[in-house]
Amino acid sequence: MATQPTAVLRGFSSMAARFSVLGVVGAGQMGSGIAQVAATASLDVILSDVDQRALDRGMQTIKASLTKFVTKGTLGQEEAEKIMKRVQTTTTLEDFHSADVVIEAVAENEALKRRIFSELDKIVAKEAILASNTSSISITRIAAATQRPERVIGMHFMNPVPLMKLVEIVRGIATDDAVFEDTKQLAHWLGKTVCCSKDYPGFIVNRVLMPMINEAFYALYEGVASAQDIDLGMKLGTNQPMGPLTLADFIGLDTCLAIMRVLHDGLGDSKYRPCPLLVQYVDAGWLGKKVGKGVYNYSKL
Ligand code: NAD
């Protein structure tokens, strides 16, 4: 791990007694990435999923990502093995009783998240922080499913977590100042840069990004251009690392649709209505790269 600035180290070591065990709920694209960066930052990690196959896939993803760092020479083989050993897996939330902070990263579904927070609230110590990696859902509403709304916060990592620098921190209406400061310190300890948002639908990043992706689907739906030309135009024309339709496949079309629905319902403006083509792809189970098919086909990769 890179050397941490002294001020951050001092700040974190004063929290270290409380923040040595980090729980992650959901071992998908985001949960496995969060587990990896936490273990790389020397925290003991408990990674949970309802699905044992998702846990196995998550651990494989972590291993493959660490192997890339070893191949590039930015991480030693021995350190990579130590990082893997810091991650324990479980299929039950009961195992989170020792966690000092839990980051939830299950599907973008408010009812599911509220149920998980309500369960976690009964399991983890009362001083533990409960964070959600939600892309768009109200932290205030998730927090209201617990008896500790002041200890609930949004910690929105970007995909892929080990490579992307940003964490967007979102305060619910009841979030404590101390919890906000501790969460910022934790994000810094994980090597991330923080931006802070108030609790409005989509926060900063997805309020701006997702309407662009949705508009790219409208352009495809209306036959303005092929998917390849839309992506090429946006990639080279606006200097982005990839086009919006490719990015949507990376994010997951189910997640994109869920975020558009949160924006549409929460902001009440028809400009956020999800594109029918995006809806149809999700209905077909074309969820993007994670299932081998989305706008593009990944089955041969
Ligand atoms: P994913 O579909 O890859 O993974 C979700 C995982 O949650 C699955 O493995 C599923 O089995 C598991 N799960 C479902 N119910 C569960 C439960 N009750 N207990 C434990 N695990 C359960 O999704 P993802 O892309 O990792 O997204 C997860 C969250 O992160 C969403 O809220 C999403 O909006 C957010 N997010 C996603 C991205 C992205 O680019 N994909 C970026 C930032 C934030």
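Every residue, even glycine, has its Cβ placed from backbone N, Cα and C.
For the NAD(+) site that TrEMBL gives as GLY26, ALA27, GLY28, GLN29, MET30, GLY31, ASP49, GLU108, LYS113, SER135, ASN159, the extra residue drawn from LYS271, LYS290 is LYS290. Local packing around the binding-site residues SER65, SER135, ASN159 was summarised as the count of other Cβ atoms within 10 Å of each Cβ; on this measure the leading residue is SER135.
For the binding-site residues GLY26, GLY28, SER65, SER135, a Cα-Cα cutoff of 10 angstroms around HIS156 (site 'Important for catalytic activity') retains SER135. The helix, strand and coil residue counts that DSSP assigns across the domain '3-hydroxyacyl-CoA dehydrogenase C-terminal' (202-298) are 65 helix, 3 strand, 29 coil. In the three-state DSSP assignment, the secondary structure recorded for GLY26 (NAD(+) binding site) is coil.
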